[in-house]
Amino acid sequence: MASSSLFNGERAVVLVFISRVLFSLPFSLLLHGLSLSLLALSAFVVEIRAETSASLSIFKTRPGASSGILLGAVTLPVVMLSKLIQLSRAFSLHEVAIEELQYSTVQYWATSASCLSVLVFIYIIMMRAPDGFIMILNLLWVLCHGLVAVKLIRHFLNTFPSCASIGEALLVTTGLALYFGDMLACTIVKAIGYISSSELVFAQYGIKRSEITTVIQGVILGLLLFPVIFKFVVQVWECSSRGYSEARTYNEIGRSFIFFAFLGVVLVVIIPSWMQFVNDFNLHPLLWVISFVFSEPLKRLSLCIYWVCVIYVSVLRFYNISKNSKIERILLRKYYHLMAVSMFLPALIFQPKFLDLAFGAALAVFLVLEIIRVWRIWPLGQPIHQFMNAFTDHRDSDLLIVSHFSLLLGCALPIWMSSGYNDRPLTPFAGILSLGIGDTMASMVGHKYGVLRWSKTGKKTIEGTAAGITSVLAACSVLLPLLASTGYILSQHWFSLILAVTVSGMLEAYTAQLDNAFIPLVFYSLLCL
């Protein structure tokens, strides 16, 4: 009974997931594998202790979800280690430079440090350590990523209560710490001019990024920082206009004007200035984007028109169904997963670079709309809030709607992470296959035909999981010959593919976490091996 309580379905799948990666480690990465094992063991101990501790009740996590600490702590480090295995394989074949391998190594250790720092922070809260011990511990946290991750997860859980589990918040904050750290390192290295130093060879590789990567990173991080600055500007403005009589209407219109004016300055002036600083654009970055789109006008504009038509028809149709139908929202939203397949799959095969940019643009639009919705910016805030509520389920809240972000990022992250060297042709398709096909088929078949449940308390069925795994394997059997006909060199072994599909399918069956966030990254990691 004790062992069954320690190893539930989710933990067992995570153990298989980690074991598969460790089994693929070359001798040169044994130290990295040891660190991952220790991190997983630490996360396991913290998660077990969290089940019986009442100290974490200070954080209002998503109701009904387990803590997810183990899954949240190991996912990104395993993703980075899988990428490192792939690059070490390429380095032995002289297909990548040593700088790329060294840079990925630093990224792996930064991710692991972030996760370990948050685990220590959670453990200290459960131990109810005195403030003095926390101050001493802060002195030991010399790694900037770890400190940032701790600050971010505290801010995230306090600002958005009941919106995420600890594991989900850990995944998001570790990713943001890694992304912000990369941006900061790139800026500092460019500023101090140490590029030629052999001691900073990883940083030298880090600033050698494409224009598309720079554009996406600048826009996304700029929009994430925008609410912080906007809040300060609004507070200053409200203090200066406190004596006027037209109180509410005046404040709403004035705040709306400040919002859109300041947003325009950020997008047109501040963010492009950073882009031009860290990357040598020959013209304004916005003009570069326009020239990139029109470099192949027929293909890319046709693709844009196709996307707009699919989005318009799908959103209009499903919005009306959601208002008038009794179909469960979680099932209705799976149709959006199918819509993602129809939109992204052709573009990924024939226009991958343009799809990279399009994902960044879509994420930027989602961020702007969510900021407008949360801040209730006149006149769009309330209509956007009412529209978005038609597609929410139990995992969303009025404070933060995350489902559309998780679906978009679940499809985009494997593609972005495969933009460099990649000798596994299916890795960019990890999100589209696992979410658009596997997760969708599992939900539909399980809802209609499912009888045998994986657990007494859960809703996931064995029939649904089997359908999800089978559908992904069937899609791969069609996709691999298609990729071969377009010039891809195939090197995906079927045993590894079956194992990757099965593990990610079992994770979908057992986890209570937001599967759109974890499953694509787990599937991507296993496909890299």
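From the backbone N, Cα and C atoms, a Cβ is placed for every residue, glycine too.
Feature annotations, courtesy of TrEMBL:
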type     : residues : note
TRANSMEM : 65-85    : transmembrane segment
TRANSMEM : 106-126  : transmembrane segment
TRANSMEM : 132-157  : transmembrane segment
TRANSMEM : 169-195  : transmembrane segment
TRANSMEM : 215-237  : transmembrane segment
TRANSMEM : 257-278  : transmembrane segment
TRANSMEM : 298-319  : transmembrane segment
TRANSMEM : 331-351  : transmembrane segment
TRANSMEM : 357-378  : transmembrane segment
TRANSMEM : 399-417  : transmembrane segment
TRANSMEM : 467-490  : transmembrane segment
TRANSMEM : 510-527  : transmembrane segment
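Tertiary proximity for the transmembrane segment (106-126) is limited to same-chain residues at least six positions away from its ends with a CB under 8 Å from its CB atoms, namely 32, 35-36, 39, 42-43, 46, 49-50, 53, 55-56, 58, 69, 72-74, 76-77, 79-81, 84, 133-134, 137, 141, 143, 145-150, 153-154, 166, 170, 173-174, 177-178, 181-182, 202. Spatially, the transmembrane segment (298-319) is adjacent to the transmembrane segment (331-351); three or more Cβ-Cβ distances between them are under 8 Å for residues at least 6 apart in sequence. Tertiary proximity for the transmembrane segment (510-527) is limited to same-chain residues at least six positions away from its ends with a CB under 8 Å from its CB atoms, namely 8-10, 12-13, 17, 20-21, 64-66, 68, 71-72, 75-76, 78-79, 81-82, 164-165, 167-168, 171-172, 395, 402-403, 406-407, 409-411, 413-414, 417-418, 424, 426-427, 430-431, 433-435, 438-439, 454-455, 458, 460, 492, 496-497, 499-501, 503-504. For the transmembrane segment (65-85), the residues of the chain that approach it from at least six positions outside its boundaries are 10-11, 14, 17-18, 21, 24-26, 29, 32-33, 36, 39-40, 42-44, 46-47, 50-51, 56, 101, 104-105, 107-108, 111-112, 114-115, 118-119, 122, 165-171, 174-175, 178, 417, 507, 511-513, 518, 521-522, 524-526, 528-529, judged by C-beta separation under 8 angstroms. In this chain, the transmembrane segment (169-195) lies close to the transmembrane segment (257-278): three or more C-beta pairs between them fall below 8 angstroms, excluding pairs fewer than 6 positions apart. Residues 79, 83, 160-164, 213, 216, 333, 336-337, 340, 344, 348, 352, 355-356, 359, 362-363, 366, 370, 373-374, 388, 391-393, 427-432, 434-436, 514, 516-517, 519-521, 523-524 of the same chain, all 6+ positions outside the transmembrane segment (399-417), place their C-beta atoms under 8 angstroms from a C-beta of that stretch. Listed by sequence, the residues of this chain that lie at least six past the ends of the transmembrane segment (215-237) yet keep a Cβ under 8 A from its Cβ atoms are 176, 179-180, 182-183, 209, 254-255, 258-259, 262-263, 266-267, 270-272, 274-275, 285, 288-289, 356-357, 359-360, 363-364, 367-368, 371, 375, 416.
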